[in-house]
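Features reported for this protein in TrEMBL:
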- B:18-538: domain 'Cytochrome oxidase subunit I profile' (DOMAIN)
- B:83-108: transmembrane segment (TRANSMEM)
- B:128-150: transmembrane segment (TRANSMEM)
- B:170-196: transmembrane segment (TRANSMEM)
- B:208-234: transmembrane segment (TRANSMEM)
- B:363-389: transmembrane segment (TRANSMEM)
- B:401-421: transmembrane segment (TRANSMEM)
- B:433-455: transmembrane segment (TRANSMEM)
- B:580-837: domain 'Heme-copper oxidase subunit III family profile' (DOMAIN)
- B:662-681: transmembrane segment (TRANSMEM)
- B:701-719: transmembrane segment (TRANSMEM)
- B:739-760: transmembrane segment (TRANSMEM)
- B:772-796: transmembrane segment (TRANSMEM)
- B:817-839: transmembrane segment (TRANSMEM)
Amino acid sequence: MDAMLKRLHLTHPLHFVVGLTLWCIWFIAVYGGHAVACEAFAPAPEQGVFTLLNGGLLIVSIVTTGLLLLLTWGCYVVAKQHQGRDRFNAVVSAGLYLFSAFSVVFVALPIIGVPPCL
Amino acid sequence: MKSVNQEAVEHDPQQLHEELHDIWGNPKGIKALTIVNHTTLGLRFMVTGMVFFLIGGILAMLVRTQLAMPDQDFMSPDIYNQVTTMHGTVMMFLFAIPMLEGLAIYLIPKMIGARDLVCPRLTSLGYFCYLFGGIILTFSLIIEMAPSSGWFMYTPLSSSEYAPGLGSDFWLLGITFVEISAVSAGVELVVSILRTRTQGMALHKMPLFAWYILAMALMIVIGFPPLILASVLLELERAVGMPFFEIAGGGDPILWQHLFWLFGHPEVYIIFLPAAGIVSTLIPVFAGRPIVGYGWVVFAIIVTGFISFGLWVHHMFTVGIPQLAQAFFSAASMLVAVPTAIQVFVWLATLWLGKPKMKLPMLWVMGFLIIFVCGGLTGVMLALVPFNWQVHDTHFVVAHMHYVLVGGMFFPLIAGLYYWLPLFSGRMPSENLGRWGFWLTFLGFNGTFLIMHWTGLLGMPRRVYTYEAGSGWEIYNLLSSVSSFVLSAGIAMVLLDIALHFRFGKPAKHNPWNADTLEWANSMPPSAYNFISLPNVETRHPLWDDPKLPYTMAEGKHGLAVPVHGRREMWGTDPITGKVREIIHLPGNSWWPLLAAAALAVVCISLLVRVYALAGIFVLIAGVFLLRWSWENGAHPIAAPEAAVAPGDPPLHSRTMDGPGLWAMAVFLLANGSFFLSYLFGWFYLWTVSPEWRMPDTSPLSLPLLAAAGIAIAAGAVVMEKLVRGLRHQCDDRLRVGLYLAGTLGAVQVALTAWVLYSANLSPTQTSHDAVLLVGLIYVLFHGGLAVVLTLMQGLRVGYGYVGTHAPFEPAVVTQLWRYNVVTFLVLVGSIAILPRVVGG
C-alpha cells in the first residue's frame with residue numbers, strides 16, 4: 001500500500017508516462033469512437049459540424065484537457081516545494097502533462113471545423 | 001558493518017583481474033558458441049548487421065543501375081520486385097534495428113557501471129534467432145524466390161492469390177523469427193537500465209544514451225507485437241486459408257495496413273532514438289561542456305516515444321478514411337516535430353555555448369543535422385493530407401524516407417562507430433581516410449536523394465521497374481544513379497578505414513576524446529567483466545568530475561571486488577534512487593540458447609516447406625530446451641553454488657522477492673499485452689468495417705463452459721497469490737501442494753477451453769469470424785498451458801530445494817503470468833462470447 005501511495009505522489013517518475021498515456025487513451029477513444037459511430041449511425045452530411053458526434057468528441061476532449069491541466073498545475077506546485085531528484089521529476093512531469101494537454105487541444109481542433117463522416 | 005562500497009579495501013589489481021577473468025572470460029574454439037557476454041554478443045550483432053548492410057547496399061546498387069536509363073532490361077520485373085523488397089526488408093529488419101540493438105547491448109552495461117546485461121542467455125538466444133532468421137530470409141534471394149510485394153507486404157498483393165510462391169512465406173516466417181531477437185533485446189535492455197545501474201546512479205543522473213535506449217527498448221516491446229500478429233495471421237491465411245484479409249471471407253486487406261503501420265511508424269523512431277542518443281552523447285564531449293537542457297532532452301525522448309504511436313494512419317491517407325480521422329492523424333504527425341525540434345535546438349545550443357572540436361565523429365554529426373532536418377521538414381509536408389495525396393507512392397516519399405532513415409540513423413551510427421572505435425579496438429581511425437569517406441558519402445547521398453524529390457514531384461511512381469524515354473525523368477534518374485555509386489564509394493572508404501585501423505591505427509590513449517561517461521573507464525579493448533570494482537556514481541559526468549575514477553576502479557577500490565565465490569555478480573539497484581538493493585548473480589556460458597534457437601530455426605523451415613508434423617516436433621524440442629535452461633536458474637547449484645555474501649553486502653537476488661526476473665516477466669507481459677490488444681483491435685475492426693463480415697445469429701461458444709473455465713483459472717490465480725503472500729512472510733507451509741493444486745486448476749481451465757473450442761465446430765477457412773475466434777482461443781489455451789507447466793515445475797523445484805523461504809522469488813514471477821492469464825481470459829470471453837450476444841451482428 002505504501003509503495004502504491006508513493007507511486008501516486010507527483011514526484012514519482014511514474015508521472016513521466018501518465019499524461020501521455022492519458023493522451024493515448026483519449027486518442028484511441030476519439031479515433032475509435034468516431035470510426036464506430038460513422039459505421040453505426042453516421043449523421044447526414046448536410047448537418048455539417050453541428051452533430052451529436054462532434055459534440056461528444058469535443059466534450060471528451062475538453063474533459064481530458066482539463067484533467068491534464070489540473071495534473072500540470074499539481075506537479076508545478078509540488079516541484080516548487082522540492083529540490084534535487086524530486087524537483088527534477090516533478091518539473092519534467094509538469095512539462096509532460098502540459099504537452100499532453102496541448103496535444104489533446106491541437107489534435108482535437110478539427111472537431112470544430114470538419115464534419116464527422118465525410 | 002562493512003559498506004557495500006568497500007572503499008579503502010586494499011586489493012592486488014592483477015590478482016583481481018585474473019580471478020575475475022577466470023569467472024567471466026570467454027571460451028575459445030567451438031565453445032565460443034556458448035558465450036553469453038554482452039561485449040562479445042554486442043560485437044557479433046554489429047558485425048552481422050554490417051554484413052546484412054552490405055547485402056542491402058548491393059541490392060540498392062542493382063535498383064539504381066536498373067533505373068539509371070529508361071527502358072532498361074537489366075532486370076526482369078519480377079527480379080526487380082524481389083530486389084526492391086529485399087533491399088527495404090534487409091535494411092530495416094536485418095541491419096538498422098539489430099545494429100543499433102547491438103550497439104546498445106555493447107554499451108549500456110559499460111555506461112551504467114554494470115558487468116553485463118541482466119539476462120545474458122537471452123542476449124545469446126536473441127543473437128542466434130537474428131542470425132538464423134536473417135540467413136533463412138536472404139537464402140530466398142539465392143534461389144530467386146525472395147518476397148516481391150514490397151517491404152510492407154501489403155495484402156492482397158502478398159496473399160496467395162497474387163504471390164503464390166514461397167516469397168511471402170520467407171518474409172513472414174523469417175521476419176517473425178528475427179523479431180524474437182528484437183523483443184528479447186528490448187526486454188533485457190529495459191530491465192538492465194532500470195535495475196542494474198551502479199550504486200548512486202539515480203534515474204535523473206543516468207547518461208542520456210541510456211534514456212534513449214530505455215525509450216527505444218520499450219517501443220520495441222510495444223511496437224513489434226502488432227506486426228508479429230499480422231505476420232501470424234497472414235501466414236495462416238496463406239498456409240491454411242483462414243480469410244483474415246480476404247473480403248469474400250469476411251476479412252479486410254486494410255487490416256494488414258493498420259497492423260503493419262502500428263508497428264511501422266514507431267519503428268522509424270525506434271531507429272531514430274538510439275541514433276539521437278549517439279548525437280546527444282557525442283556533442284557534449286566534443287563541445288567540452290555538459291548538454292544544455294538535460295531535462296528537456298528527457299522530456300523530448302518521452303514525448304517522441306508516445307506520440308510516434310499515434311501517427312500510423314498518415315501512411316494510409318489514400319485508402320478512404322473519413323476526413324476528420326485524417327485530420328486527427330495529420331495533427332498528430334505535425335506534433336511529433338516538436339520533440340524533435342527541441343532536441344535539435346538543444347544540440348545547437350550546446351555547440352553554441354561550448355568550444356566544438358571538429359574531429360571525425362563530429363563531421364558525421366554535422367552531416368546528420370543537415371540531412372535529418374531536411375528529412376524532418378519533408379515529413380511535416382507529408383503530414384499535410386492534400387500534399388500527401390499528391391505525392392503518395394512517388395519517389396518523393398522514397399527520398400523523404402531515405403533522408404530520415406539514412407540521415408537520422410546511418411550518419412549518427414557512423415559518428416558513433418568512429419567515436420567508440422578506440423574502445424572496441426584500442427586504436428584510432430585514420431582522419432584522412434575518414435574525411436574522404438564522409439565527404440563522398442555526404443555528397444553522394446544528397447546527389448542521389450535530393451534529386452529523387454524532384455523525380456517524385458514530376459510524378460515518377462515508386463516500385464516501377466522501368467520508365468519510358470521522353471517522360472522527362474531521364475536526366476534526374478541518371479544523376480541519382482551516378483551519385484549512388486559515389487555514395488557507395490564513400491561507404492566503402494569508411495569500411496576500409498575501419499578494417500585497416502585494426503592493423504594500422506595508432507594506439508589510442510586512455511579516454512582519447514576526454515569523454516564524461518563510464519564506458520571509458522574500461523580497459524581498451526574492454527575485459528569480459530568490464531570493471532574490477534563498481535563505483536558509487538552520483539553525477540552525470542563521472543569521468544569529468546573524477547578523472548582518477550578509472551584507475552581507482554581498476555585497483556578494486558569500489559564495490560563487488562570480491563570474486564572468491566566464483567559467481568558472476570553485479571549490483572541490483574533501485575530503479576529511481578540507484579540505492580543498492582541486492583547482488584544480482586548472472587548465469588554463465590551455455591549451449592541452451594544456441595540449441596533453442598536452432599530448434600526454432602527448424603520450426604521456421606518446416607513451416608516454410610509445410611511439413612507441419614516436423615514443425616510440431618521441434619516446437620516441443622525447443623520447449624524442452626527452454627525449460628531446461630530455466631531449470632538451471634535461481635537457487636540451482638549451477639546458478640549459485642552457495643548464497644553467502646560478504647558481511648554488510650545485500651543478499652543475492654534469487655534469495656529476495658524482487659529479482660530482475662520479476663521485472664523481465666513484467667516487461668515480457670507488456671509485449672504480450674500489446675499482441676493481445678492488437679488481436680482485439682483486429683476483431684473489432686473486422687466486426688465494424690469489413691464489408692462481408694458475417695456474425696452468426698447465435699455464438700458458437702458455450703458460455704457455461706467458458707464460465708466454468710474462468711472460475712478454474714481465477715481459483716488457480718488466488719491459490720498462487722496466497723502462496724506468494726506466504727513466502728513474503730517467510731512461510732512455505734504446503735507450498736508444494738499449493739503449487740500442484742494451482743497447476744491442476746490451470747489444467748482444468750485448459751481442458752474446459754479446449755472443450756469449448758471442440759464443441760464450437762468452427763469453420764475457420766470459411767469465415768474470418770470463425771478464424772478470429774480460433775486464434776483467440778488458441779491464444780488462451782497456449783498461455784493456460786504455459787502457466788500449468790511452469791507452476792508444476794515450481795512444485796518440482798520445491799521438492800529439489802530450489803524454491804522455498806530461502807529462495808522465494810520464482811513463484812512470484814509465475815504468479816504474474818497467472819494474473820495476466822486471468823485478465824486476458826476474461827477480456828477475451830467478454831469480447832468474443834458475451835458482446836456479440838448483447839449487441840448482435
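Even glycines carry a Cβ here, placed using N, Cα and C.
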Outside the transmembrane segment (B:363-389), six or more residues from its ends: residues with CB under 8 Å to it: 275, 279, 282-283, 286, 314, 317-318, 323, 326-327, 330, 333-334, 337, 340-341, 344, 347-348, 396-397, 399-400, 402-408, 411-412, 414-415, 418, 434-435, 438, 441-442, 445-446, 453
Winner by Cβ pairs under 8 Å against the transmembrane segment (B:739-760), considering only B:401-421, B:433-455, B:701-719, B:772-796, B:817-839: B:701-719
Intrachain neighbours beyond the transmembrane segment (B:701-719), with Cβ under 8 angstroms and 6 or more residues off its ends: 738, 741-743, 745-746, 748-749, 752-753, 755-756, 759-760, 773, 784, 787, 791, 815, 818-819, 821-822, 825-826, 829, 832-834, 837
Taken over the domain 'Cytochrome oxidase subunit I profile' (B:18-538), the model's mean pLDDT: 96
Other parts of the chain folded back onto the transmembrane segment (B:817-839), taken as Cβ under 8 Å at six or more residues beyond its ends: 665, 669, 672-673, 676, 680, 683-684, 695, 698-699, 701, 703, 706, 709-710, 713-714, 716-717, 720-721, 742, 746, 749, 772-773, 776-777, 779-780, 783-784, 786-787, 790-791
